[in-house]
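Quick notes on the structure that follows.
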Amino acid sequence: MNVQVSPDSLVIAGKTYGSRLLTGTGKFKDLEETRLATEAAGAQIVTVAIRRTNIGQNPGEPNLLDVLPPERFTILPNTAGCYTAEDAVRTCRLARELLDGHNLTKLEVLGDQKSLYPDVVQTLKAAEQLVKDGFEVMVYTSDDPILAKRLEEIGCAAVMPLAAPIGSGLGIQNKYNLLQIIEDAKVPIIVDAGVGTASDAAIAMELGCDGVLMNTAIAGARHPVLMASAMRKAVEAGREAFLAGRIPRKRYASASSPIDGLIG
C-alpha cells in the first residue's frame with residue numbers, strides 16, 4: 001500500500017527546505033568525509049564555524065565551499081568560539097562579507113570552555129544587534145522557555161535550544177521544557193547540541209521540534225557516513241510519527257482485538 005503523506009516542509013527566514021536535518025562540518029577527518037556524510041544525511045543547511053573553517057578567508061588552503069558549494073547547500077555561518085556579544089557580531093559581519101551578503105547566521109555566545117553552555121545575557125545582546133543589522137538569526141540557547149520566547153520576540157528567525165551540552169551525546173535531558181518552548185513558539189524550534197544517536201533525533205522530532213542540528217553525533221561516530229544515513233531516517237521517522245499522532249499512554253492494557261462476536 002502506498003501511503004501519500006502531505007507535503008511537509010521546513011521554512012526558515014522565508015526559504016523552504018525539504019530536509020529537517022541540519023549538519024555541522026567540523027570534526028570530520030577531511031573534506032571528502034564531510035561531503036559524503038552531508039550527502040548521506042540529506043542535509044540542505046550546513047553550519048560552518050567561521051573562526052575555524054576556511055570558506056575563503058585563507059586563500060591557498062582547502063576551502064569547504066569546494067565540496068559543499070553554496071549553489072547546492074545553504075551555508076549557515078556560526079559564531080562558535082565567541083564568548084562576547086561583540087565577538088559574535090564581528091564574526092557574523094565577516095561571514096556576510098565572505099558569502100557575498102548572505103544574511104542567515106547561527107548565533108552562539110558561550111559562557112565558558114568547560115560547559116559550553118550559552119551565555120544568555122551576551123546572546124540576547126548579540127541577537128538584538130544582529131537583527132538590527134539585518135541578519136536572519138538562528139540562535140543557540142538554553143532550554144529556558146522564557147528566554148526562548150524573548151529571543152523570538154527580538155526577531156530571531158529560529159530558536160535552537162540545546163538538548164544537552166555540546167558534544168556530550170547525552171540526548172534530550174528536559175523534554176518538558178522543550179515541549180513548552182515548542183507549544184509557545186511561532187518560529188521554528190530546532191534542537192541543537194547533545195544528540196548522541198538516532199533515537200535522540202527521533203525523540204526530538206516526535207516531541208514536535210521543527211528540526212535537529214548535529215555535528216559530533218555524526219562526525220564522532222565509528223562510521224560517520226553510515227551514522228549520517230541513520231540520522232536522516234530517524235528525523236524523517238520522528239517527524240512522521242509526530243504528524244501521525246501517538247496513542248495516549250495508559251496504565252492498563254487495552255485489547256487490540258474487538259470482543260464483540262466472540263465464538264463460544
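Glycine is treated like the rest: Cβ placed from N, Cα and C.
Keep in mind the model is a prediction, meaning the values are calculated, not measured.
Cross-referencing Gly155, Gly167, Gly245 against the 1-deoxy-D-xylulose 5-phosphate binding annotation in Swiss-Prot, which names Ala193, Gly194, Asn215, Thr216, picks out Gly167. Note on proximity: of the binding-site residues Gly167, Gly194, Asn215, Thr216, the one nearest Lys106 (active site, schiff-base intermediate with DXP) is Asn215, by Cα distance. Neighbour counts were taken as the number of other C-beta atoms within 10 angstroms of each residue's C-beta; across the binding-site residues Ala193, Gly194, Thr216, the minimum falls on Thr216.
Non-local contacts of Gly167 (1-deoxy-D-xylulose 5-phosphate binding site) by the CB criterion (under 8 A, 6+ apart in sequence, same chain) comprise Leu116, Ala193, Thr216, Gly220.
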